[in-house]
């Protein structure tokens, strides 16, 4: 089901709406103020105001779950600062988004919302947002996504042994867990005083939840230092292999609705809530796919062979085979695919989409033993002989791939959050709005150590 336009748009822009200072200044009132200086960039007050409005629009009808305006503004400003820092780091790493890529992304957003790009522009104008600002925000979101991808490719790996261990553990428990968390962050190398302050704060938050004065999502929105605080701390469905080992045993023993903690982790103190649990094997029936065994002969098109010459050559080869020549022997003699020529063109068993849609359609349309007409792909001109087909259960293979992906996701989340803390801790930040306004830019502490985070709740801490 397609989300309503306002939901998709708000989700996109709520926090990651980083606006070009020039474009924003042109569309704002006579003068736009600076909310924060971030290294060599700035967060404008208009950006901050727009992002706060977008967050509030997501909580329409649930305003009581949001913190006071000054606290919400601080949280949103910290998110905008993180986005600026990531975009700056990506720029220094050579990560770019072309206008063509940006246009495709915006067209996709419009399509998801059941409208055209022109319709999207009209909707943005009605909501008071300039199209140039919107393009800048989408560009920055894509850049941040690519920075994460680059980080994952360079730093995250999953071994076969880790997959085996996770599968064994999954078979033993057979459960998935819907979790939410609240993080009271601590900087790396926190002092005893910082640890004590964090402990007092997390105890106070836990007391509010236990007494029923705040439900867990509202407490997360108000107090959590986690990047998903404004989503109520929702972590979604996780299997045990996606949960840090320090918490996995604890969660296994919890019942839905229970809140555990405070727990001390690498990033600070955490409260965990088990929202729901379900059988991980539910609906885990076999997944059968058709695989094909085929041989092919390839004639390439290139500097030494024109399109017409290649087509004439493949026609001649096919005529020889139809006339009685052995396909395998002919492939060894004439095919220009060096990977399969030595095996008589044999490609082994493969699903239909393994070599692209055009090749797959040819194989699917043949009877066993039949030879195709010549057809063109990006590689050149082919003929293919289908040898056989079979039904294969790929559920085990898919399960391994899924587990490998979930382990990688967990590692990426842990490592990237640490990376963001380092990035934030090294940043040159000066606040120019709210109660943190100052006149001297300084190297800002990590977000978790920010002195202007919400004060501990008034409830007496409980242990």
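Cβ atoms are placed via backbone N, Cα and C, with glycine included.
The following features are taken from Swiss-Prot:
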{"type": "SIGNAL", "residues": "1-25", "note": "signal peptide"}
{"type": "DOMAIN", "residues": "174-276", "note": "domain 'PpiC 1'"}
{"type": "DOMAIN", "residues": "289-388", "note": "domain 'PpiC 2'"}
{"type": "REGION", "residues": "329-348", "note": "region 'Disordered'"}
{"type": "REGION", "residues": "434-463", "note": "region 'Disordered'"}
{"type": "COMPBIAS", "residues": "439-452", "note": "compositional bias 'Low complexity'"}
{"type": "COMPBIAS", "residues": "453-463", "note": "compositional bias 'Pro residues'"}
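In the region 'Disordered' (329-348), the DSSP tally of helix, strand and coil residues is 9 helix, 3 strand, 8 coil. Each residue in the domain 'PpiC 1' (174-276) has a pLDDT score, and their mean in this model is 89. Helix, strand and coil counts under DSSP for the domain 'PpiC 1' (174-276) come to 41 helix, 33 strand, 29 coil.
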